[in-house]
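Enquirer: The following block contains the structure, expressed as structure tokens.
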Amino acid sequence: MDKVKAKKHLGQHFLTDENIAKKIADTLHFEGYDNVLEIGPGMGVLTKYLLEKPVNTYVIEIDTESVDYLNANYPKLHNHIISQDFLKYDINKTFEGKQFAIIGNFPYNISSQIVFRALELRSQVAEFSGMFQKEVAERICEKKGSKTYGILSVLVQAFYDAEYLFTVHENVFNPPPKVKSGVLRLKRKENFALPCNEKLFFTVVKTGFQQRRKTLRNSLKSLNLSESLREDTIFDLRPEQLDVQQFIAITQKIEADAI
Ligand code: SAH
């Protein structure tokens, strides 16, 4: 069967370097889950290495031309090809509440949304690795104090240990993207339940970073903090100065304040 013609609106940049594909497939530990979901397999450059691993490999692909290609070339995938949009599909139709890992050379136009969706599914997503635009991969793994530290860094690192693994040059893709790529791995923490109201934690982090130059006293005004809580010196800080533990501490203070 002919190769798939790259479609720009689907973020298709096909990896052409087999060694890098193998290296990405090797980033997962394959422990603590029996299922792996590859998002956006395209022509299966990563998939073929995943199929050698001691897990059930599933792929989800929005492009029907790629799905036809996978069906024709990877008989081992048989009924594990989900021809759907990952952002819209209810993955538990496939996994029924089971633990799984996510992997991919992701479509860069929706890579942040993929991470947010994975966070929603965190009680099932034990491990997550793959390729992003380099800056996005770096931002996710960034620590406090850096200019690029933001919502994704805090929310991901609250539940996962994040590791930037290696950089990939644009010339190993067809067509080459305009940016460099970076591969990261997220391993869910042993105890990933936060000692605070998790919904409020998400709100505090997102609201705080909406105005990253302002102190949290200013940016969290919409949360109606009491006069006495507003005097707490932790609110003198700007969001980029707080690590996960401090965001948890703020959330706990706001929770106590509301009682
Ligand atoms: N993994 C392949 C392809 C990477 S390009 C490789 O490394 O060569 C990104 C892939 O994601 C494309 O195949 C594209 O069709 C697919 N894709 C884009 N948006 C998607 C979505 N919302 N859900 C599932 N797959 C998607």
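Every residue, even glycine, has its Cβ placed from backbone N, Cα and C.
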Enquirer: Given that TrEMBL assigns His13, Leu15, Gly40, Glu61, Asp85 to the S-adenosyl-L-methionine site, pick the one from Asn71, Asn73, Asn105 that the record assigns to that site as well.
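Expert: My reading of TrEMBL gives Asn105 as the candidate in that site.
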Enquirer: In the structure shown, which of the binding-site residues Glu61, Asp85 has the fewest Cβ neighbours within 10 Å?
Expert: Asp85
Enquirer: Looking at Cβ-Cβ distances, which residues of the chain lie under 8 angstroms from His13 (S-adenosyl-L-methionine binding site) while being 6 or more apart from it?
Expert: Ala6, Asn105, Tyr108, Phe173, Asn174, Pro175, Pro176, Pro177
Enquirer: Please report the three-state DSSP label of Asn105 (S-adenosyl-L-methionine binding site).
Expert: strand
Enquirer: Let me check the 10 A CB neighbour count of Gly40 (S-adenosyl-L-methionine binding site). How many other CB atoms are there?
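Expert: The answer is 23 other Cβ atoms.
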